[in-house]
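Everything on this sheet refers to the single structure shown next.
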Amino acid sequence: MYDTALMLARIQFGFTVSFHIIFPAITIGLASYLAVLEGCWLRSRNPVFKQLYEFWSRIFALNFGMGVVSGVVMAYEFGTNWPEFSRFAGSITGPLLTYEVLTAFFLEAGFLGVMLFGWKRVGDRLHFFATVMVALGTLVSATWILASNSWMQTPAGYEIVDNHVIPTDWMAIIFNPSFPYRLVHMVLAAFLSTALMVAASAAWHLLKGNDTAAIRKMLTMAIGMLVVTAPLQMLAGDVHGLNTLEHQPAKVAAMEGHWRNDEPGAGVPLLLFGWPDNDAETTHFAVGIPRLASLILTHSWDGTFPGLSEFAPDERPNAAAVFWSFRIMVGLGLLMFVLGIWGIWAWLRGQLFHNRTLLRFALLMGPSGLTALLAGWFTTELGRQPWVIYGLMKTADAGSNHSTSTMVFSLVLLVVVYGLVFGTGIRYLLRLISQGPDQNIDTTLSTIRPTSPSDMHPGE
Amino acid sequence: MGIDTALIWAVIILFGVLLYVIADGFDLGVGLLFPLAPAKEDRDRMMASIAPVWDGNETWLILGGAGLMAAFPLAYAVILNALYIPVLMMLIGLILRGVAFEARAKASSNSRHWWDKAFFTGSLLATFFQGVILGAYISGLPVENGTFSGHALSWVSPFALFCGLSLIPAYALLGSTWLIMKSENSLQQQMRRLSKPLIWLLMGFILLVSLWTPLAHESIAECWFSLPNLFWLAPLPIFTALACLGLLKMVDRGEAGPFVMTLIIMSLGFLGLGISLWPNVIPPAISIWQASAPVASQGFALVGALLIIPVILTYSAWSYYVFRGKVDMEDGYH
């Protein structure tokens, strides 16, 4: 494969997978949110929960559809773009993907029909069961695909025979060294992204003067979620980073823009700003806090970790891309933490629904979860380069023999179709959000008990 | 080693693809029939009849891809590499129609017609290119040293394009008989009228493909026309012909009968193709055993497949049962 065609294949895969991951991330978060909303409604019969369920399930349905069709592309792209990878390692990634289809995709698809269209036909209990099954399916799906991706980052439980990977220990393959960290980090990211989207929707309505019980409930639930998950995510990210340092030190060196260690005892600074340069083997314009990277990564003032110059030049990732995508993720993560704390503080003082500065901030932070999630994936995937399977197979050896013109044709076609179809789909999604929950939803069956604990919030 | 995991996996993948062909076949078929039912109410009904199930139907296609990668990674790599463009076009078709389900319901009345067009065009693209993929696959893929050795347009041949065309009446007939079962009154009458010419068209295409395939592919001719195979296999075309005639008779009055009969015809046709290609996973020369993944991979995935597929079939059947009977607009998009 020529270099241009290889680069086009990578761009195409990066484009389609980045587009795709947005939808399942929201699917994972919204499915669990919907299960909680329906559970609350069944328990309290507070119509607000039913209104919110109906509202978010419409958005969920559209988002889910886009996730499915953009995902079918992924299941085939491993073969169309990366046949040598599939030939070499399909014996491992294939069974993991098969288990994902069997235990997750079918579960989601099988119960989705009942969840979206079957409430009247099956009644409350079975419908709730269907919602829970869909939510469970999204989490199971995340588990398998992250096992597969993590195996590519930190391969384990295999041997290589005749230039093929042969699985020797499936438990070691699935529970490979980076898997638990990546799974927790990704699921939290999905929950955070969804909470931020819900909070921004509520903030938008409140800023517009659409102040209803359902909108308020949305905001408090989202802020509650945020204040719990944002700190947890920082903790998860920290231990994930330590794990990466142990198994993929070149990635961490690129994340920190760290090229070489100074004299013993000086420690490694945490760079806030800079432009890592692979050719010059240095980070230009570096502004950092002395010793902080040592403290974070080695838990000591003068600890050191390998710099990028200790790796062969053709085994280094593009440091500038990894450095900056990592900083975007961390920076947004800190802002999420601020929003959560500020929101809870305002809520306790009874100002959450009236503080326009806070509401504007929440609105602005709406896409930050997904942006941080994408930046995090860029960090980990670009940080793995030049390997497609870390230490085993280089990306340059994984591709096809398609010509540059074929790859240009397919990339242009995909960009146009994705832009039109998913662009319009996302526009509809935003329009649905802007319509807000329907207050006149038929809840005649419900016995309203407005005194349930979840309704008692100070400041309402 | 006592158990032939490659053989079992080949059967599972064939079963998965068959379920895909008949299940997504009828909902792709509904998309193909869209231009013939211009009234919005009819289109809403057609859409509502498949809305709760299309996603599950399409999942069999993903199982086919994933199962192929797990059990026969060499075949997965070669086939998708060789059929890059038709696979891409099929996927784009599936995107267009998949998003149309939800987007059509959420579009304003001014822009809905765009999603109607996307639904039809997507269904047509997916159907045609699935047929092309099948035809190109039957014709065989050039392989050297375990890697596809052709070029980006190796798949183009009159036979492959013809197979693409023949899948259109097949899926359309699945769609029209599905709608006979799920609809009432004028829409049902229209589907009955439409089904007749579709049956004749499909019979013509089946006949031509059945003649063309052995004529163009010597090994397939040998499989069918050598003795004693001829006697063992003779019932297959005979049953297919009988089923087509039976379908012609019942299409005027049956409710579920025409759909069931179409399913039988499709299954028989699929069986015929399977027999023609057996035991190759990359025609014309690489068998399932040559392309096999290590036993550790096939065995691991097999445990899950054998335990879970029955469960999947059970809850999928439950979902169809929940939405049984004539389509109720109460169930549709709100």
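FYI, residue positions are counted from 1 along the chain as it appears here.
Keep in mind that glycine also has a Cβ here, set from the backbone N, Cα and C atoms.
Taken from TrEMBL, the feature transmembrane segment covers A:12-34, A:55-76, A:96-119, A:126-147, A:183-207, A:219-236, A:321-345, A:357-378, A:407-430.
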Highest-contact recorded stretch vs the transmembrane segment (A:219-236), from A:55-76, A:126-147, A:183-207, A:407-430, CB pairs under 8 Å: A:183-207
Cβ pairs under 8 Å between the transmembrane segment (A:407-430) and the transmembrane segment (A:12-34), at least three: yes
Intrachain neighbours beyond the transmembrane segment (A:55-76), with Cβ under 8 angstroms and 6 or more residues off its ends: 16-17, 19-20, 23-24, 26-27, 30-31, 33-34, 37, 97, 108-109, 112, 115-116, 198, 214, 418, 422, 425-426, 428-429, 432-433, 436-438
Candidate ranges A:12-34, A:126-147, A:321-345, A:357-378 - greatest C-beta contact count to the transmembrane segment (A:183-207) (under 8 angstroms): A:357-378
For the transmembrane segment (A:321-345), distant same-chain residues with Cβ under 8 A (at least six beyond the ends): 192, 196, 199, 219, 223-224, 226-228, 230-231, 233-234, 237, 251, 254-257, 271-272, 274, 276, 283, 352, 358, 361-362, 365, 368-369, 371-373, 375-376, 378-379, 382-383
